[in-house]
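Lifted from TrEMBL, the feature list:
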type	residues	note
SIGNAL	A:1-32	signal peptide
DOMAIN	A:47-132	domain 'Cytochrome c'
BINDING	A:Cys60, A:Cys63, A:His64	heme c 1 binding site
DOMAIN	A:148-226	domain 'Cytochrome c'
BINDING	A:Cys161, A:Cys164, A:His165	heme c 2 binding site
TRANSMEM	A:245-264	transmembrane segment
Amino acid sequence: MKALAARRHHRFAPVVLLLLALLLTGAVYAIAQPASADAAQAAASESDIAAGQKLFQANCATCHGPNAEGREAVEAGAGGPSLIGVGAAAVDFQVGTGRMPAQMNGAQIMAKPAQFDDEQIAQLAAYVASLGAGPSIPTDEQLDTTNADVALGGALFRTNCAMCHGVTGAGGALSQGKWAPALDETSPAHLYEAMLTGPQSMPVFNDANITPDEKRDIIAYLETQREGSPGGLTLGSVGPVSEGLWAWVIGIGLLIGASVWIGAKSS
Amino acid sequence: MSTVDSRPAPAAAPPSRVERAAAGTADYLDQRTGIGGAVKEFARKIFPDHWSFLLGEIALYSFVVLLISGTFLTMFFVPSMTEVHYHGPWAAMDGVQMSEAFASTLRLSFEVRGGLLMRQIHHWAALIFMAAIVTHMMRVFFTGAFRKPRELNWLVGFTLMILGLLAGFSGYSLPDDVLSGNGLRIADGVARAIPILGSYISFALFGGEFPGTDLIPRLFTVHILLIPALILALIGLHLLMVVLHKHTQYPGSGRSDKNVVGYPLFPIYVAKAGGFFFVVFAVIALMAATMTINPVWNYGPFDPSIVGAGAQPDWYMLFLEGGLRLMPGQTEFVIGQYTLSLNILVPGVVIPGILFTAIALWPFIEAFATGDKREHHVLDRPRNVPFRTAFGVAFLTAFFVLILAGSNDLIATHFHLSINDITWTFRILLFVGPAIAFWITKRICLSLQRKDRELVLHGHETGRIVRFASGEYIEVHKPLDAHERWLRVQHEANRPLEIEPAEDSRGVRRKGFRVDALRQRLSRVFYEDRVEPVTPAELAAAHSHGAHDALPAAHDEHAGELTGASGGTRHLAADVENTEGTDSTDGPKHP
C-alpha cells in the first residue's frame, strides 16, 4: 500500500487510470452486450454446426481462415474478412446468390449459380452464426408481402436505394469497376438479407434505420416492378439511353427503309 | 421517265357528273380567291427524286404527329405544382404526395382512354423528330446543299434544330418526375455556372430557389405555345425558301445548275409525300404501341432529395450530359467569395457553344475559303470535297464520343468495365477520335477520287486477257459509257486561292491584302490535298494510243493528287469565269 501511496502522484498515474477505466468499460460492455437476433443459432442443431464447420473448412477457410477469423491478403493470394458476428443472413445471401465461394478476385465478387444446395447453405449459416451473434435469416413471416404498403416501399426505395440501384432498380455503376446490381431477379429473402448485412459496397440498413415492415414494403415494391410495363416492352428499364438507341435503330431505320422504297427510281 | 414539263393528255370522253361537279367547285374557288394560278404554279413544280430528299419530310411529318398527339395531351394534363395525394389504379403510387402535374400524367396514362398510347406516340415522335432533323442536316452538309443561294435556309434549319432541342427539353420536364427533375437540376446548375449572372438567371427561371413552384407552368407555356408557334413559322419559311431556290439535285448526265430534273409535284409527289406521312405516323404508332417510353410511374414524383443512378436525358441532350461527365472536377476555383465553376461552365456552355457555332457558320466559313460566289444547285458527291466530308465525320465522332460518355454508367454495368477507366478513355478519345476520323475520312475520299480517275481513264476491268503477237499480255478494259463518265468528271476540284500581291507595281500597299492572305491560308488548309477530275485532254490522251502509257500521270502511284497551289489555281480576282473553260483543259502538272 505504501508503494502505491508513494506513486499516486506520479505523472503517469492518470494515464494508467484511464487505461484501466477503458479496459473495465470494455469488459462490462462485452458481458452486457445484447445478444441480438440469435434465434436461428439456437434453433440450429449441433450436428448442423459440425457439418457446416466441415464444409467451411473445405471451401471457405483458404480465404477466411480455418476458424473464420479472417486472413490478410498476401501477395497475389486470397484474403477475406473475419466472419465472426456476420450472422446467418450474410452466409445465406453470399452463398445463396453464388457470390461465395468467390470465383476470382476483382473489383467486386460476382453473383453466379449457387454452388451449394439449400441444406448445405443452412449448415454453413448455422456454423457461422455459432461463432458470434449476428443477423439471422428472415422468417417467412418477415417476407410475407400480402399486407405490404407498395407505395411506401416505392418512396423508401427512391430515398434510400435509387442513388445506386437506379429509380427502377435496374442497377447502376459505382466507382472503379464496382456496380450496384439490378434487382429484377433477386429473391425476397436475398433482398432482405442484403439490406440487413450490407454486402460488398452496400451500406447496412439495420432494423432501426429501415424497420422490418419497411423492408417488406420495399420488397413488395420491387416485386410489382417485375410485373412488366403497361406501356409495352421495357427496353431494359434503363431510361432514355435505350429509348434513344431504339428510336434510331427501329424508328429511323424503318423510315429510311421506307424513304429508299419511296424514292426508288421508277424510271 | 424524267420529265421537265409534262401534262396529262386531254380527256377524249365528255366530262362525267363528278368531273363537272369538281370543275364547278374549282371554278367557284378560283373566281373568289385566284387560287388557280398558285395551284398551276405549284402543281407543275419539279422535284428531283432521291431517297435522301425525304429525310426532311420525316422531320416535318413527325412534327405534325407531335402537334396532333400534343393537342390531345393538353386536354388532360394539368400544369400545376399544387401538392395532391394520388389515388388511382396505379397501386405503387397510391397515397403518395405529388404535384398535380405528375398526378395528371398518371391519370392521363392509366385512366384516360388511349392516353398512354398518346403519351408514348408524342414522346417517340419527339425522338424521331430530332433524329430526322439531325439526319437531314447531315445529308445537307455532306452534299454541300448549304452553298449559295441556300446559306440562309441552312440558318433557318439550324434554328429549327435548336428550337427542337428546347421543345424536347421543356416537354420532357413537364410530368415533374424524378428523372426530368434531375435534368432540371442540371440545367439549373449550368445556369448558375455562368459567371456573375448565373444565380440571377437561375432565380429568374425558377421564380426563386430551385425547384420552386413556378417552373412547370412556365415550361408549359413555352412548350405548347411559344416554341411550336416559332417552329411552325420557321417550317413555313424553310419550305418557302425551298420553293424559291428550287430543289437541289444529285449530279448526273443532263443535270446542271440551270435546270431541275425530276417529276412534277402533282400528281407524283402529292401521292408519294402524302403516303409518306402515313408511313411515318404508322412507324411512330407501332413503336408507341409496343415499346414503353418514359415510364414516369416507375420514376415517381420529383423530390429534390432523390437522385437516381443512371439519370440521363433524351438522346439529343445526351452529348451535354457526356461533357459534364467527362470534365474533371478540379477545375472549380474560388476567387474571393465567388466560385468560378469551370467544371460546369466549359461542358455546359462553352463546348455546346463551339459545336453549335461551328454548325451554324459552316456555309459562311466554306464560302470564305473557296471565294466562290456562284450559285450551286447540283450537289457535291462527298468524296469530291474531302476536307468538308472529313470535317463532318470528325464532328460527328466528337458528338458520338460525348453521347457515349453520357452513357458511361450503362457501358460500365453492361460490359463489366470500370467507370473510371471508361471516363478516361473518352476524355482522350474526345480529342484523338475526331483527329483520327478526319484523317481516315480524308484519305478514303481522296482514294475514291483516284479510283474514279482510274475508271474514267482506263474503263472497267473485264477479266479478259489478250496476248499480242509480240507475246505481250494485256487485260482488256471496257470504256465507261457517257453517263458513267459524266458522273465522275462533272465536278471541279476546289483549289487553293491565289491572291494579288501585297503591293502594287508602284510599291503601294494594297487594301484588303490581309483579309485575302487569311483567306488564302484557309483555302490552303481546305484544298491543298486534292485529286483533280479527268480533263478532256487527259481522256483523249488515254484513249488515242490504245495503250495507257502515253500519259505519265496515269502510271504514277499518286496519279492526279496534287499538293500546294501548283497545277492550275483559281484566281480570286479577275478570271473566275475563265476557270471553267480554259483551266479545265490544261490538266495537272506534276509537282
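One-based numbering along the chain as shown.
Cβ atoms here come from the backbone N, Cα and C positions, even for glycine.
In sequence order, the binding-site residues from A:His64, A:Cys161, A:His165 that place a Cβ under 8 angstroms from a chain B Cβ are A:His165. Sequence-distant contacts of the signal peptide (A:1-32), counting only residues of its own chain at least 6 positions beyond either end whose CB sits under 8 Å from a CB of the stretch, are absent.
Cα of A:His165 (heme c 2 binding site) to Cα of A:Cys63 (heme c 1 binding site): a span of 29 Å. Listed in sequence order, the residues A:Phe56, A:Asn59, A:Ala61, A:Thr62, A:Gly65, A:Ala68, A:Arg71, A:Ala78, A:Gly80, A:Leu83, A:Met100, A:Pro101 complete the 8 Å Cβ shell around the heme c 1 site centroid, once A:Cys60, A:Cys63, A:His64 themselves are left out. Secondary structure at A:Cys161 (heme c 2 binding site), taken from DSSP and collapsed to helix, strand or coil, is coil. The Cβ of A:Cys161 (heme c 2 binding site) lies under 8 Å from the Cβ of A:Gly169, A:Ile218, each on the same chain and at least six residues away in sequence. Of all Cβ atoms in the protein chains displayed, 23 besides its own lie within 10 Å of the Cβ of A:His165 (heme c 2 binding site). DSSP gives A:Cys60 (heme c 1 binding site) a coil state; it is part of no helix or strand. In the predicted model, the domain 'Cytochrome c' (A:47-132) shows an average pLDDT of 85. Its Cβ placed at the centre, A:Cys164 (heme c 2 binding site) has 20 other Cβ atoms within 10 Å. Each residue contributes its Cα atom, and for A:Cys63 (heme c 1 binding site) and A:Cys164 (heme c 2 binding site) these two points are 28 Å apart.
For the domain 'Cytochrome c' (A:148-226), the DSSP-based tally of helix, strand and coil residues reads 42 helix, 4 strand, 33 coil. The separation of A:Cys164 (heme c 2 binding site) from A:His64 (heme c 1 binding site), Cα to Cα, is 28 Å. With respect to Cβ neighbours within 10 Å, the binding-site residues A:Cys60, A:Cys63 differ, and A:Cys63 shows the lowest count. Taking all protein chains in view, 25 other C-beta atoms sit within 10 angstroms of the C-beta of A:His64 (heme c 1 binding site). A:Cys164 (heme c 2 binding site) and A:Cys60 (heme c 1 binding site) have their C-alpha atoms 29 Å apart, to the nearest angstrom.
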